[in-house]
Amino acid sequence: MSLFGKLKDRLFKSSARIDQGIEGLVAEAPAAAVADEARRLVDDAMLEELEEVLIAADMGVETATRVTANIGDALQGRRLSTRELKEALAREVTRIMDPVARPLPIYPKKPQVVLVVGVNGSGKTTTIGKLASQFKAAGKSVVVAAGDTFRAAAVEQLQVWGQRAGVPVLTAPEGSDPASLAFDAMVRAEADGADLLLIDTAGRLQNRQDLMEELAKIVRVIRKKDETAPHNTLLVLDATTGQNALLQVEIFRKIADVSGLVMTKLDGTARGGVLVALADKFGLPIHAIGLGEQIDDLAPFDPQEFARALCGLEEKK
Ligand SMILES: Nc1nc2c(ncn2[C@@H]2O[C@H](COP(=O)(O)OP(=O)(O)OP(=O)(O)O)[C@@H](O)[C@H]2O)c(=O)[nH]1
């Protein structure tokens, strides 16, 4: 299956919501019967209904309002078919997402230190495993540090991913200081001449102060080895949390210097529209998206393909 085919397949729950919403909206047009194809006049009532469809798809009120206003500005007074409306929507979504679609930047620095943050269960460990595997396949040498030392299960899980990806995973005894593990990992990555060091971190937001101090200490300690580290701070967000992902970005931007986002679990949710809201609200780079639990289920983020899949359209030729 092509990458677009997989994206469309996995985004099905989200796209079904928009697809059905738009079809319903066009089908109820009073003048539908006169043409062989149903068409709906773009007027205030129609734009309001469209806005509701987008909010139901988790795009958020602000983004949904902006998107519909732009469609109104461009197309008010026209009669659109379902396909034309989907195309117009996909164009607007692409326009919002285009500026933030950027792969994880790779620097000549060795090791490039990538700190991975996010709430528990958001998919950090899985994403690190997938990233490690992709970088390894691209010829990079990778070291992983299991920085969530408070959860033995999290460490074990990361070791399993390390085996799958074929990269070393540095661990420390349960309850030990994550910063000291991060330091040891820096030493090891430097000694190995590794290209990348991926550091997993804890995600207990229940005690934000502790987490902030823990992350700050990790950063302080790795800067003893390299004052330019970490080179990326990746925030992993779970799409199934919908609008809550926006709140998580706000919180993590206060406690860490977030440089980019990965959104996971877009395959299991109808709330994929939240990624559009994230792009619109924060403008942070979106590096990749998680489309499943397997090692090859992390896809680069392509704004046009995402927008078309989300709107239930086929690939643009
Ligand atoms: N369907 C789907 N599941 C995913 C994806 N990414 C992660 N998961 C699943 O989400 C669950 C949590 O993922 P983890 O990688 O353990 O999350 P974490 O943030 O490391 O969580 P902690 O270890 O609790 O800190 C696991 O069951 C993963 O298999 C994805 O893109 N799609």
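Cβ from N, Cα, C; glycine included.
Taking Cβ-Cβ distances under 8 Å and a sequence separation of 6 or more, the neighbours of G118 (GTP binding site) in its chain are K124, G203, L235, V236, L237, D238, Q248, F252. Taken residue by residue with DSSP, G118 (GTP binding site) is part of neither helix nor strand, so it is coil. The annotation GTP binding site is assigned in TrEMBL to 118-125, 200-204, 264-267.
Summarising the annotation, TrEMBL assigns domain 'Signal recognition particle SRP54 helical bundle' to 7-97.
Mean model confidence of the domain 'AAA+ ATPase' (110-257) amounts to 93 (pLDDT, 0 to 100 scale). The domain 'AAA+ ATPase' feature in TrEMBL is assigned to 110-257.
Summarising the annotation, TrEMBL assigns domain 'SRP54-type proteins GTP-binding' to 111-312.
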L266 (GTP binding site) CB neighbourhood, other CB atoms within 10 A: 27
Position of peak Cβ density within 10 Å, selected from the binding-site residues G121, K124, T201, R204: K124
